[in-house]
Amino acid sequence: MVCAGTRQAKQGALTIVRRSSSKGKEAAAPTDEQLDQLDLDPEHLPAVDTPDACDKAALRLRYLLRQLNRGEISAETLQKNLQYAAKVLEAVYIDETKEPRPEGDQRAAPAPLPRRRLRTPCWARCSIDRPEAKRLADEDDELSEVQPDAVPPEVREWLASTFTRQLATAKRKSDEKPKFRSVAHAIRAGIFVDRIYRRVTSTALMQFPQDVVRVLKTLDEWSFDVFALNEAAGGAAIKYLGYELLNRYGMIHKFKVPPTVLENFLGRIEEGYCKFHNPYHNNLHAADVAQTVHYMLCQTGLMNWLSDLEIFATLVAAVVHDFEHTGTTNNFHVMSGSDTALLYNDRAVLENHHISAAFRLLRDEECNILQNLSRDEFREFRTLVIDMVLATDMSFHFQQLKNMRAMLTLAEPVVDKSKAASLVLHCCDISHPAKRWDLHHRWTMSLLDEFFLQGDKERELGLPFSPLCDRNNTLVAESQIGFIEFIVEPSMGVCADMLECVLGPLHGAKGPREPRGEGGKGDYHCLD
Ligand code: CMP
Ligand code: MG
Ligand code: ZN
């Protein structure tokens, strides 16, 4: 890597290095002899944000390339060294994505809206025998050949956001301007690592059956048919949908999730949902909520407002939000004095269990999709998932809406990302009445089946019936109208206001607007 001066990086910031020996010229490629003597043990590497790390990473990449060509390398060595190289690249700060301002323009730069583009579906990458997939795969390869001067701004933006932490964390001092040459080299190196990483992961990517692929083509639609997916997937809806979503948002790549570990994790999550054979709270419901969250993220533009880690946490929260549901309500747990109610002191009993059991699963190395997160990333991820899943407790519903409404009516609302994502997840959790009639009808019948089974248990235990649980005395239609009118519709209303508040300014919406509910001032201005 050739850069504009030797500078020691501060944490998460710039490491721009000039090779002291080459004085701005390209360094000579290492000889075979040098490569033969390379110590490949990842333990003996310098810290990623040091100048020496660039040399070491480059040397290792050369070595890996040679060994790959010879077919003499273990997946583990490859993975560890690529991860190291990726981290070195992430420590290189690139600030070439901003448009130059006209001279004398002193205004603060407008916050750029990073427009995400979802990745190629993994089933399209895997099935290279299909022409459409082949074209996409070819395009990927072409990208890796591109010369830095020819990199268009949006590609550069993507590269910068993928291979540096610039958009998420770091701020450059005004006097630290990298030369384009340094950026170009970083981009080239980034493409190089990305290409190798993709080669490794794409060979390991899960295969998708043709029937699953067919159903997943409608993944971006509001009335996606998760029942059809489950059928096509032989009952493994979460496995394919979870995998596909994490791939589409680039999470597998960004957080270096080993594909087999992801497969294990999703498989175990799926099992947990099937443990009690619930008519409603099963793997289908989890897959349905995850797909609806995806719709909200991509169709509203919410994904452009959230960071990678926030998206990762939101998708995982959706997938695990009812993990190991017992098919009975919190009220039943409390009234029957279940072990779980005892453990969680009657508060958010099920929700606490869903989270705790999911994080317990993540302690198993074979299922730990968070294994390559830094300590800070892990803490943030965990906090987000806990907050989001706890907020699916229906007893928090009115408070949640009230808090959000109150905040939106402030003169200058500041929407907290975790609260926004929590509200979105909550809305997706109760969204089936807003879906196509046949889907909604099926969900409602399943839920009532589950409620009635609980009623049967309550009768056996001599407990009073919980609401909607007495199969002989429940007004189904009326209860549904009430649920839609008093719970679902107001939730969607507040969620829409919240989305307009945070996304309106980013998408150029102008002028004041009246929020729903208790009325307010409008013309929202929101901060990250
Ligand atoms: P859960 O999925 O844990 O969280 C959202 C809750 O909303 C869900 O459990 C049910 O308790 C409730 N819910 C969802 N759909 C309906 C419905 N059609 N009628 C009544 N309650 C519902
Ligand atoms: Mg729940
Ligand atoms: Zn749910």
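Each Cβ is built from the backbone N, Cα and C atoms, and glycine gets one as well.
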## Note on the structure
Given that TrEMBL records H285, H321, D322 as binding Zn(2+) 1, the matching residue among D211, D416, D429 is D429
### Task
Between H321 (Zn(2+) 1 binding site) and H285 (AMP binding site), find the distance joining the two CA atoms and give it rounded to the nearest Å.
10
### Neighbour count (Cβ, 10 Å) for H321 (Zn(2+) 1 binding site)
27
### Query
If you take the centroid of the Cβ atoms of H285, H321, D322, D429, the listed Zn(2+) 1 site, which other residues of that chain have their Cβ within 8 Å of it?
H281, A286, V289, A318, H325, T392
### Task
Report the binding-site residues (N282, N283, L284, H321) that meet this criterion: Cβ distance to the nearest atom of ligand 1 under 6 Å. Use sequence order and write none if nothing qualifies.
none
#### Entry: pLDDT averaged over every residue in the domain 'PDEase' (201-528)
93
### Task
Drop a 10 Å sphere on every Cβ of the binding-site residues N282, N283, Q480 and tell me which sphere holds the fewest other Cβ atoms.
Q480
